[in-house]
Ligand code: HEC
């Protein structure tokens, strides 16, 4: 049967060849007199896609030229020293925050940084269960006073803080903060680890990177302090962390780098309080989806088994008149 169909297709191929031959010859004859016309029409046909391609490439290049590249306001030298990569335990993908560290870091924030920096996006309630008990957080909230809603006379009174209140800011407003800091604004630290290149590494390097004296030749403007990690190297914040500045309740030695590490991990928590939960959810997703994936592989193999294991066998009939005419395949090769 295969041989027969092969013969048939050979015949029809021959016919097709004959047909095309006659067609091309007739077309050649008809277009021979107008070769110029044919050439110009093919040029026109190519011009449109070529032009469109050129415009597309040009537009992309122009867009990239305008917006694609990084535009830096400062040279890398002015950008500040690149912070060292530290092996932060909590940033590993299967690790959580160390909650003992968070508690220590919050202590450093409260005792050192809170006199200048606000942490305005953190409510007392978020401290519960992450670094404090409910009672501890409530007691801490009650140490501060907050405005009440206006009463019937429209008076706003003071009430002790509640768990739903946010951490108080050291200054009433930005102007007051600037006035107290030689015109420099201590930024809010809630999202600081996300707001700076280098995140944790940068803040750790900044806090521990104040040299005893600025290097020879460095120009430090009046009222600023030299810190190689700060863009421009002149920072309005002086060195704030010194060994044994705070006394940890868990008796961890309070070296400068220990405090810096604790407060940086705490600030990372402040900026990403969902991290522990997110990583846990990631594990659940991996567990469920790997089971589902294995299941889907099995179902696929099951459904395809009939097709994949099917074997189509064709045994050509040996003795047919047409085949004899063609000669046996063994003789040919
Ligand atoms: C005496 C007040 C004061 C204290 C205390 C203080 N800071 Fe600052 N901090 C500042 C000021 C002022 C600036 C703004 C610096 C500038 O813009 O030059 C600043 C800036 C910063 C910045 C931003 C740097 C940048 O890249 O813009 C970080 C981060 C920071 N402080 C962290 C801390 C931490 C963490 C603590 C506590 C360990 C702390 N600060 C304690 C006054 C203070």
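The backbone N, Cα and C atoms fix where each Cβ goes, and this holds for glycine too.
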Per TrEMBL, 113, 116, 117 bind heme c; matching candidate in 74, 140, 237: 237
Feature region 'Disordered' in TrEMBL, mapped to one of the ranges 1-43, 259-301: 1-43
Feature region 'Disordered' in TrEMBL, mapped to one of the ranges 142-173, 174-205: 142-173
The region 'Disordered' (142-173): DSSP-derived helix, strand, coil residue counts: 1 helix, 7 strand, 24 coil
Mean of the pLDDT scores, which run from 0 to 100, over the domain 'Cytochrome c' (100-253): 95
